[in-house]
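Enquirer: According to TrEMBL, the feature active site, proton acceptor maps to HIS131. Annotation source TrEMBL lists Ca(2+) binding site at ASP64, ILE133, ASN206, ASP207, ASN274, ASP319, ASN320. Feature annotation from TrEMBL assigns region 'Disordered' to 563-582. Here TrEMBL flags 502-527, 596-617 as transmembrane segment.
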Amino acid sequence: MASKSSAVGPKALVVSALAIGLGVFLARPINRVTTVLGFFRTPSSTIVSDADFITIDDTTVCEDVHLHSGLLYTACEDSYAPRFSWFPGLGVLHDPLTASKSRGSIHVIDPKTFKSKRLEFEGFQGPFITHGIDVIADPKDKDGVYIFAVNHLPKPEYLQHIVDGKKEAFGGNKAASQIEIFHHRVGSSSVKYVRSISHPLIQTPNDIVALSPTSFYVTNDHHYREGLMRQVEDMYYGAKWSNTIYVEITDTASKDSTAGFSASVALTGLHNNNGLGHGKTPNEIAIGSAASGDIHISTVRPDHTIQVLETIPFDTAVDNPFYYSDPFASGDNDSSGYVSAGLSKACELANSIGIDTATEPVTVWLAQRKNGKWENKVLFEDDGKRLRSAATAVLIGIDPKLEGVYLCTNMSTVEIICISTALMASGGIATLTFFDVPELQSQPASRSLPSIRWLFSRGSHVFPSASLLSTIGFVYSASCGSFSDSGSLLAISTNTPKTNTFLTAAALAFSIAPFTQLMIPTNFALIEENNRLGGVRSEKAAGGSASTDRSAWESVKGTDEGFEFADLSGPQEQTERESTAEEDKKVYELLERFRWLNLVRAVLIGAGGVVGLYAAIN
């Protein structure tokens with residue numbers, strides 16, 4: 001019988017080669033997809049104190065934010081409920097009835113006070129389902145701006161289909177998204193409706209960049225509005241089916257949303273066109289490819305088409321880009337760059353839509369060009385528990401002369417050290433009163449005096465240093481909370497309450513120094529008694545040439561006893577001479593006086609620690 005050959009056949013070799021080639025070919029894009037969409041990412045959160053994490057009231061579900069004329073402009077949905085039932089931007093199209101009643105809003109936020117002002121609509125009726133916006137100056141009015149906003153209206157035929165209760169599936173597009181244009185005078189409380197733009201090329205609008213009051217670009221983020229193919233678009237980077245549309249308005253007064261303008265395709269060939277942002281120069285536009293994790297730096301051609309110049313890749317999904325031009329840049333110190341926010345685990349977005357308690361982790365990036373290359377760094381992260389989802393981030397510069405404001409957000413370490421030092425010092429001082437001194441009082445003076453002298457020596461090493469360290473820490477913390485016009489901490493009336501509380505803590509911590517002066521006569525008397533009986537500072541000092549006819553001050557200084565701070569030996573067991581009953585009584589009374597004076601000292605620095613703790617947590 002012939003044996004079977006163990007050689008691998010030609011077909012098997014071909015299949016193996018194809019499998020290896022396919023694996024090599026797909027490895028990089030698969031790795032990129034899993035990284036950007038965060039399949040294996042563990043969310044993390046940037047440490048920010050509660051006082052510095054500000055929630056701006058009346059700004060619910062605000063997709064896009066723009067900084068213009070010193071103010072922040074945004075459009076908000078005002079409630080999660082409509083977003084969960086109708087938002088074409090996420091492929092949610094099942095409840096046009098809710099959409100027909102939805103009335104989003106436009107807000108102006110003061111970045112100094114973080115107060116939001118809701119603008120009233122003038123001449124605008126109907127639903128307003130918000131998405132991307134842009135703000136551009138009115139060249140004819142120095143106090144005026146134009147606001148362009150995406151509005152995801154339900155298609156009237158689809159709405160009627162649902163109202164009629166028809167069970168069969170609706171055929172055709174369900175949304176009739178369009179662009180709304182408003183005019184706003186800075187400082188006023190309203191926006192005036194100008195006109196609407198609706199065109200067959202504007203299918204899945206996401207964001208807008210306006211070049212002038214009569215021209216703008218708008219992205220279509222998907223080719224497919226919903227269903228399986230929309231998901232394929234998100235996951236498959238080769239699905240470069242989205243585009244960017246250019247619109248030029250010829251009649252700003254037209255009441256017909258389909259007339260008085262022209263529209264054309266300005267850019268194709270990108271995956272998941274999404275957010276738009278103004279760039280470093282007037283002709284530069286940044287285009288965010290959300291699911292790709294890319295920001296494309298582009299330029300406007302004379303024929304209004306867009307040319308992509310370069311691409312900045314990020315490790316998460318990114319949305320609406322914002323170019324931060326550092327107003328305080330000088331030399332090599334320039335923080336200018338592209339800021340963009342996005343989802344850290346975009347792979348979970350489909351499962352979290354419609355769930356009130358869901359969390360959607362976020363990351364905020366800053367991309368800066370350095371040495372001819374783009375460098376990305378994380379500005380902020382959240383696991384979704386404080387901040388659910390993020391589509392936009394705006395960076396606001398702070399004058400470097402006020403950089404102490406930034407340092408104050410990181411004072412927790414200093415506060416912990418000075419508070420802990422004060423409280424531990426208080427505990428150590430109080431231990432003398434409640435434990436050490438009563439024990440010493442139970443012994444004859446010949447044994448108690450060397451120990452109390454040794455305690456005085458050790459205390460002079462520790463407690464003044466603790467007092468000084470706590471005082472400096474509290475004053476430093478107070479200076480970080482001081483924003484008075486005078487710039488002086490002495491301006492008590494204009495300091496913040498937190499500043500004055502820290503100053504009080506500093507005063508209490510330092511007060512043990514002058515109070516110790518009241519204790520000196522008692523302390524000197526005990527040191528002098530120890531010296532008179534032949535006692536010294538420590539066991540090591542007993543080997544010195546100190547005499548018993550020294551003054552109390554010479555005993556305090558440790559004359560002929562060696563260098564105090566290098567002496568780490570324990571206390572001398574007893575004095576050279578035994579004490580008499582009269583001397584024992586005298587020393588007992590001196591210790592009793594020291595005991596209660598020492599308790600006051602413990603209370604003073606302890607109170608400093610408690611007051612400092614109150615300032616830190618309030």
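Heads up, the Cβ atoms here are built off N, Cα and C, so glycines get one too.
TrEMBL entries are annotated by machine, without manual review.
Are these features on the surface or tucked inside, and what are their neighbours?
Expert: In three-state terms derived from DSSP, HIS131 (active site, proton acceptor) belongs to an extended strand segment.
For ASP207 (Ca(2+) binding site), the same-chain residues lying six or more positions away in sequence with a CB closer than 8 A to its CB are ASP64, HIS131, GLY132, ILE133, ASP134, VAL150, VAL218, THR219, ASN274, GLY275, LEU276, GLY288, ASN320.
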Enquirer: Hey, for the Ca(2+) site built from ASP64, ILE133, ASN206, ASP207, ASN274, ASP319, ASN320, who else sits with CB inside 8 A of the CB center?
Expert: GLU63, HIS131, GLY132, ILE208, THR219, GLY275, LEU276, GLY288, ALA391, THR392
